[in-house]
Ligand SMILES: Nc1ncnc2c1ncn2[C@@H]1O[C@H](COP(=O)(O)OP(=O)(O)OP(=O)(O)O)[C@@H](O)[C@H]1O
């Protein structure tokens, strides 16, 4: 290419080089995916152009039909992927093909392991795209021209993937991008058209744009189906059609747990094709995770639903597409925010997903449990985010309980079936970790009375329980809050005088560390525990909020002591000054049992040693 001008050499951003090196090593056994990635970029560029041309029809020039072409040159040992999409201008080439703009790729680098298979899956999920070309090529050139610019504005990008790339001006008549791979030694299999076609069919069959290959005699053959799969009638589609489409959409290697394909006719027509994945993507909990549905209007790709307008955040694991016949093609993000049509599509889609989950829970509880272990934490955001559906979502929740400690598989309905005849609430305990809640002293009285308690140890549980206050007419009650009267008779008896005296002395010793000290009716084996008043934030919740930087009004817990415990009996008889140490120690023990931290651990140790001495 002798007529290039203004050549410049640029360094790759450090992470790009790192990514390239890692990718070449870890994906070698899966190297055919480079073609999927290049085709996917070409299709994205075509989609973008279609969208931009709605506003600016001139961008189509006189070539409005999108297409992707694969060309092989056996002599030069090159494979090219050519599109007539948006193309790139010089700045875009430098920005997009020299840096890693997306934070997802950075996280991919962090998540990389030494395990090749895992990395291949990872890379699939992150879709690191363009750079995968270097797995099979020892040199890559990109010749591109931005739609709407003059042929002289064409740009040539060249790199051997070794730290640098060159960029130069090179006129290009055709709009769009041509990526040419100069195959490395031993990559001749990718000169075989038959092999290329089978890769395209495997990975890119449902790309809604024709993918053509130039045969040796120059004739063009269309390789893929090139139709929007979701527009075909259900009866024509097999499970494997859906799976292939799902794989292309999500790069997920596992087939989906459920596929929901619906065509809604009538006043508002739209088609939705929704998938419930069977495994969680890596970025499920990232604020900018690539979750979300894709919105189409009459087969034209409009945008990804990053703002969760089509599907709420607590269902962000649902993948798929919505294709509306009635939205305007020039729909903008702002318009999406306030659109009754979108509201209706959203409500109907939520309903479809909840229906499907209920069906799965009822008919295939084991698969539902595996769904739960992948996405349960996300679904627990539901009652907070979507109060209108809170009761339905609550029915889908699963928990550990004192009845079932091996897996979180207890539903609220299961719990209700096991309730005692006079039991008036669904009991639960929240805390820092499963170990902390399942060994908590708060459970002692419940164990004694054989009352089941749900054990909640995820951070989201604190929010969940502030919003989910009843289920099926039964209130949910935190067992670490308020007074507990499981056995009315016991609690009405006034404490013995020695115990009342002890309580007064402990109160004095603890000062403003506690708001009260009282006799407990929830302990059998432990000497003391901490509780908060009904209506106050739980101890664990207070700690989480403080850790997140919230300024909370100080709420001191209540220390409850168990007068039947040997230590308390002994303390009640004690008269010397060491009672102060004992009081503080009881308090500190109780903080530790809650999974909390001591403000002054050194004093705790000294105090304990004094008493042991
Ligand atoms: N054929 C193309 N036409 C126009 N722009 C392209 C083309 N190929 C790549 N690009 C630009 O380069 C960017 C980087 O591509 P790359 O494949 O590395 O990541 P991506 O496509 O953004 O992400 P992913 O592949 O994970 O979806 C793209 O976002 C796009 O802006």
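We count from 1, first residue shown onward.
A Cβ is built for glycine as well, from the same backbone N, Cα and C atoms used for every other residue.
Automatic, uncurated: that is what TrEMBL annotation is.
What TrEMBL lists as region 'A' is 1-333. Positions annotated as domain 'Histidine kinase/HSP90-like ATPase' by TrEMBL: 30-187. Taken from TrEMBL, the feature ATP binding site applies to 37, 41, 83, 88, 103, 104, 125, 126, 127, 128, 129, 130, 177, 333. Look at TrEMBL and you will find 544-613 tagged as region 'C'.
On the structure: features taken from TrEMBL.
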residue: 37; record: ATP binding site; CB count, 10 Å: 23
residue: 83; record: ATP binding site; CB count, 10 Å: 28
residue: 129; record: ATP binding site; CB count, 10 Å: 18
residue: 177; record: ATP binding site; CB count, 10 Å: 26
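The helix, strand and coil residue counts that DSSP assigns across the region 'C' (544-613) are 39 helix, 4 strand, 27 coil. Mapped onto three states, the DSSP output places residue 37 (ATP binding site) in helix.
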